[in-house]
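Participant: Below you will find the structure I want to go over with you.
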Amino acid sequence: MRGGGFGDRDRDRDRGGFGARGGSGLPPKKFGNPGERLRKKKWDLSELPKFEKNFYVEHPEVARLTPYEVDELRRKKEITVRGGDVCPKPVFAFHHANFPQYVMDVLMDQHFTEPTPIQCQGFPLALSGRDMVGIAQTGSGKTLAYLLPAIVHINHQPYLERGDGPICLVLAPTRELAQQVQQVADDYGKCSRLKSTCIYGGAPKGPQIRDLERGVEICIATPGRLIDFLESGKTNLRRCTYLVLDEADRMLDMGFEPQIRKIVDQIRPDRQTLMWSATWPKEVRQLAEDFLRDYTQINVGNLELSANHNILQIVDVCMESEKDHKLIQLMEEIMAEKENKTIIFVETKRRCDDLTRRMRRDGWPAMCIHGDKSQPERDWVLNEFRSGKAPILIATDVASRGLDVEDVKFVINYDYPNSSEDYVHRIGRTARSTNKGTAYTFFTPGNLKQARELIKVLEEANQAINPKLMQLVDHRGGGGGGGGRSRYRTTSSANNPNLMYQDECDRRLRGVKDGGRRDSTSYRDRSETDRASYANGSGYGSPNSAFGAQAGQYTYAQGTYGAAAYGTSGYTAQEYAAGTYGASSTASAGRSSQSSSQQFSGIGRSGQQPQPLMSQQFAQPPGATNMIGYMGQTAYQYPPPPPPPPPSRK
């Protein structure tokens, strides 16, 4: 039943607003704990204006589904429903949700054909005004699952008046995620003249305050900056009736629980609340119990910690000292791919800067992002990465959640994270939506405590498990592997294509270490040529292999580059190994003879010749100058970028 209230905005533009205007009038806070000036409001529901939040009309095709068909649809899409009263039937097409035509037009323009599993069940729940918890892997389409119902919700509320705060509030853990959500909100809200803003720390307050003062229906915010604005009276949440907690587990990991509780205390208790998370630990469960009323939990996939099944996960057990050499071998193969956008995750800001400096010194088109970077610099780096001008992004966990770049094909965990939850979110930066991707992980004995959890994640995703990883667990005292562990041990490669693939990946990770020819493909799904090569015994290193001395590939056996393979820099393998290649090749690669002597002391290329595609794609243009001066090293030559805009005065 629809609750009584204002109904459609077009019918009620003359109705009254939601209380006093202008904000709280509190003086700005300069010291103390965030949110200490905010007091929990005492709400009297009988005095609050009524509002409508149930707008769901079941489509006839959905209404005709029998209970058996509903169960079968949920089973096929791996949807599990728990709690609440009777849950609405899932939809299986966008038009079943009865969205307004302007929303359907945008969906069609973006070539969406059918809703994702989380959207199939999330749309009916959110449109019916119910509180809900959505548990799904990254890249599952949860942003649309709450934003499209939010647009419908807003358009059934009275118009904002001067001094009113937002109707829909989305809390996000990072500024990157907040910016991405706002972009989606702009794409779908502009057709209905809805305004949105994104407020986050690290950026000037002035433009954000002006947006709030002009009035926005949708506010996407990080907790810290929103607390600041609430305390200083720059905005209020009296009009907020639709609350979204996006990536709730991540916000708790980052220590935002006190701020979240302060913020929620400012919102009327009969609001509609939607919580989204990739994991379901006890801390998130407690938050749901405190903030949600009679909620329904929907889960897509396994209830345990799970990774995206579209990601091929490869774990290389190695020593800490081997990481640099293995990384360069890996990057040479990745950069030979047509689609090679890669994120490399490291543990600390210092290592992030150091690794970026060393890779750029040796010619890799790498840039970095971490929490100490200014907002203009972060925005510029992400734009360069998205555009493909710098296809290698080195990052700390600041980018492991919320960073949505559709065409990231590879993720490399240079340092294994502190928890399996962070591992799942890191590798979730690839294989967004229905795409496929590959994740490589360097796992050292120092990460032994996480071995069991990693094995569980691999087994759940039906991935092959590196025997060295199993040996680490056995050496520590067994356990954790379960039945899956014995299965991979006892099954032969001939009968287990997944394990055969893993064996081949291990062989290729070794690269030139064993003296074999370098390959120029990635470790992704095999083509028909690959399978035939493997089946007839030629393998990837055979003279008859598909990756032999062809045009566009270098010929290691002869030790010389052809002109077609390496442009004008035709120096020999012997010259490269000795560091004495000629001046002509040095000029074409944009390096000096002095920098060549430095090349082999850092994270330079492996003992093989440089990757040919790198010189073709990233050769120095005429008149180029250093790209970035902050590296503190002689950098590879690029066209100078436009400087980031100077921060405006607050």
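Numbering starts at 1 and runs along the chain as displayed.
Backbone N, Cα and C atoms are what each Cβ position is placed from, and that goes for glycine too.
Since the structure is predicted, the reported quantities are computational estimates derived from the model, not experimental observations.
Among the features that Swiss-Prot reports, ATP binding site is placed at A136, Q137, T138, G139, S140, G141, K142, T143, with the record citing sequence analysis. Annotated compositional bias 'Basic and acidic residues' per Swiss-Prot: 7-16, 504-531, in sequence order. Taken from Swiss-Prot, the feature compositional bias 'Low complexity' applies to 583-609. Here Swiss-Prot flags 638-650 as compositional bias 'Pro residues'. Feature annotation from Swiss-Prot assigns N6-acetyllysine to K29, K30, K42; the stated evidence is similarity to another entry. Residues annotated as omega-N-methylarginine in Swiss-Prot: R605. Taken from Swiss-Prot, the feature region 'Disordered' covers 1-38, 472-543, 583-650. The region 'Transactivation domain' annotation in Swiss-Prot covers 468-650. What Swiss-Prot records for 639-647 is region 'Interaction with YAP1', and it gives similarity to another entry as the kind of evidence. Swiss-Prot lists 92-120 with the feature motif 'Q motif'. Swiss-Prot lists 246-249 with the feature motif 'DEAD box'.
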Participant: Can you check which residue among the recorded positions K42, K142 has the largest number of Cβ atoms within 10 Å of its own?
Facilitator: K142
Participant: Going by DSSP, is T143 (ATP binding site) part of a helix, a strand, or coil?
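Facilitator: Where T143 (ATP binding site) sits, the three-state DSSP reduction gives helix.
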Participant: How long is the line from the C-alpha of K42 (N6-acetyllysine) to the C-alpha of T138 (ATP binding site), rounded to the nearest angstrom?
Facilitator: 37
Participant: For the binding-site residues G139, G141, which one has its C-beta crowded by the most other C-beta atoms within 10 angstroms?
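Facilitator: Sorting the candidates by Cβ neighbours within 10 Å, the top entry is G139.
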Participant: Count up the helix, strand and coil residues in the motif 'Q motif' (92-120) according to DSSP, in that order.
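Facilitator: Split into helix, strand and coil, the motif 'Q motif' (92-120) gives 17 helix, 0 strand, 12 coil.
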Participant: Could you say whether, by DSSP, Q137 (ATP binding site) belongs to a helix, a strand or a coil region?
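Facilitator: Its secondary structure by DSSP: coil.
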Participant: Taking the mean position of the Cβ atoms of A136, Q137, T138, G139, S140, G141, K142, T143 as the ATP site, which residues outside that list, in the same chain, have a Cβ no more than 8 Å away, listed in sequence order?
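Facilitator: The surrounding set, listed in chain order, is T116, I118, A278.
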Participant: Which numbers of helix, strand and coil residues does DSSP report for the motif 'DEAD box' (246-249)?
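Facilitator: Counting residues by DSSP class gives 2 helix, 0 strand, 2 coil.
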Participant: Run through the Cβ atoms and count how many others sit within 10 Å of the one on Q137 (ATP binding site).
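Facilitator: Taking every protein chain into account, the count is 24.
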